[in-house]
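Below: one structure, written as structure tokens.
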Amino acid sequence: MGNVDYAYSCSGMNVESAPRVAVPPPQPFFKSLKYSLKETFFPDDPLRRFKNQPASKKLVLGLQYFFPIFEWAPQYTLQFLKSDLIAGITIASLAIPQGISYAKLANLPPILGLYSSFIPPLIYAMMGSSRDLAVGTVAVGSLLMGSMLGSEVNPNQNPTLYLHLAFTATFFAGVLQASLGLFRLGFIVDFLSHATIVGFMGGAATVVCLQQLKAILGLEHFTHAADLISVLRSVFTQIHEWRWESAVLGVCFIFFLLVTRFFSKRQPRFFWVSAMAPLTSVILGSLLVYSTHAEKHGVQVIGELKKGLNPASLTDLVFVSPYMTTAIKTGLVVGIIALAEGIAVGRSFAMFKNYHIDGNKEMIAIGTMNIVGSFTSCYLTTGPFSRSAVNYNAGCKTAVSNIVMSIAVMVTLLCLTPLFHYTPLVVLSAIIVSAMLGLIDYEAAIHLWKIDKFDFVVCMSAYFGVVFGSVEIGLVIAVALSLLRILLFIARPRTFVLGNIPNSVIYRNVEQYPNANHVPGILILEIDAPIYFANASYLRERISRWIDEEEDRIKAAGETSLQYVIMDMTAVGNIDTSGISMLEEVKKTADRRGLQLVLVNPGSEVMKKLNKSKFHVDIGQKFIYLTVAEAVGACNFMMNSCKPSQRKDEPEGWNNV
């Protein structure tokens, strides 16, 4: 069967000793605990740079860790400034109309969209580690905040309270985000799988587009619900209120924006055409309304935007019942979504440019800018994909592009806000629709269907949950299904029957390699996951079934009766007390059936616990091997050379094998 040659003895004399699986040397409890905590929360070892450094150097390194601008600013060049200046002005042309549009989406005053594109980018430029992330408001976060706060407080009947709750929710979102970074808990965000995000973003984008029918059709009254049925009911019960002027204007601007995007994708060097299109739409729409007095014919406009920089809002935060609970709940949900989007976008562009960003530092930066933003009349901000893509394509070199964008927004706030008076709301809706259509990634959904059907189900569940339920329902469904999949991976680990590849000492899954041969009298199983309380019962039952199926196969084929069960534990990274109890039960079952259990290559953690539980004494050190080939060789030798009683009674001669 291609087994290696080892010398075995049944009488206590062995010609050649085979290496045995070692038990790790005992470690002090606190040293072991320290190692486990470090591997869990500090896998990147952020304190490594501080070792053996003088106090002054540690202070500098600490400042550079929390404020990366101190690290790259000394190497900043004039050439970098030219690139960042172009990128900053380009994204400002996109940020201004998008900021106003997304604020309306959150049922907030349009000026807050400009406020939120002024202070937060300055904070991120100092604390962020991404060179390409362009900070600002996002459509999905705006919709989610508007939906959750709007279900508790009507923004039209009580606009002041609603505004203060938006600031408070932003504060709690920032606290959550910064805390996750400070306490190294960023892995929580990883529970939002790629399939979950694709479905959730697509559903949210669909809902956002449907919500824009209010402005496109010129409707005065519209549902606050975000589900498809409510929106369509609201639209088609007001057919007599539709304004054709507004609809024609909206369709024309959506067409214009989509054409410019298509052109920029086909001709990447003209990326600025798509980037400038939203601001161009605002200018053209404002001129059209002003010259034709369309506001008197059903075309709604923004109205007056007050001049001036962000007023302080620290005293506006709401920390009283019952509204504080609403603010906390909203902040936690939108904070997680914004964090997941910002980090995913930052990592994507860092991969394109071949540099590394620290996820925990990003969380601290995003959280800090939202905390400071909540004190300065800003609402939720993160790194949206559309704006960051423009920043990347514009050739940005550092986060200075965010500073340039912030200065451009500052100039707008101080001098140019009166120019937005005649900006039609339908143009803002067109900007939102064109941006949201890019988030409906049907190609990714098709890819999920081809690769993994369960991921596709998660994706579509999130999508339909958002579209037919609400943003919160879709998010809960998606996360629940993702967690269910994790639990299924843990609770139902894969086990395989291994066979010998002809003319080799390699043993592989017989289903994957049909030419792999079963070893007569030996059943070789591989367990492909750690053994915990959640899967111990399943593994015990599955192993018993494998034994039954193997005995039935042997009986049908007329082969040598089953005598050994070899369990390859190479992939078993850890085991708990329930897992050890399972192994003890499997051994007892094997003994009752006249079979011998053999273990192969238990890992260090597994071997440590087997040693402490004395299971390795119960099974016998001679029945624990380093490789499957060694175990098969020993079992074949015993079947061919040793008496059955000797195999069952564990003779002393096996102690050195």
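Heads up, the Cβ atoms here are built off N, Cα and C, so glycines get one too.
TrEMBL entries are annotated by machine, without manual review.
Some features that TrEMBL has for this protein:
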type	residues	note
DOMAIN	512-635	domain 'STAS'
TRANSMEM	133-150	transmembrane segment
TRANSMEM	162-183	transmembrane segment
TRANSMEM	195-213	transmembrane segment
TRANSMEM	242-263	transmembrane segment
TRANSMEM	270-290	transmembrane segment
TRANSMEM	332-352	transmembrane segment
TRANSMEM	364-382	transmembrane segment
TRANSMEM	402-420	transmembrane segment
TRANSMEM	425-442	transmembrane segment
TRANSMEM	462-484	transmembrane segment
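Counted over residue pairs 6 or more apart, the CB atoms of the transmembrane segment (425-442) and the transmembrane segment (332-352) come under 8 Å in fewer than three pairs, which marks the two as apart.
Beyond the ends of the transmembrane segment (242-263), by six or more residues, the same chain brings 212, 215-219, 270, 273-274, 277-278, 281, 285, 288, 294, 297-300, 424, 426-427, 429-431, 433-434, 437-438 to within a C-beta distance below 8 angstroms of the stretch. It is 162-183 that, among the stretches 162-183, 270-290, 332-352, 462-484, forms the most Cβ pairs under 8 Å with the transmembrane segment (364-382).
Using DSSP to sort the residues of the domain 'STAS' (512-635) gives these counts of helix, strand and coil: 66 helix, 21 strand, 37 coil. Within the same chain, residues 140, 143-144, 147-148, 191-193, 195-196, 198-200, 202-204, 206-207, 225-229, 333, 337, 445 sit at least 6 positions outside the transmembrane segment (462-484) and bring their C-beta atoms closer than 8 Å to a C-beta of that stretch. For the transmembrane segment (402-420), the list of distant contacts is 84-85, 87-89, 91-92, 95-96, 99-100, 110-111, 114-115, 117-119, 121-122, 124-125, 128, 133-135, 282, 286, 302, 304-310: same-chain residues at least six beyond its ends, Cβ to Cβ under 8 Å. Away from its own ends, the transmembrane segment (162-183) comes close to residues 41, 106-109, 112, 145, 148-150, 152-155, 189, 313, 316-319, 323-324, 326-328, 330-332, 334-336, 338-339, 359-375, 377-380 of its chain (Cβ-Cβ under 8 Å, at least six residues beyond either end). For the domain 'STAS' (512-635), the model's average pLDDT works out to 91.
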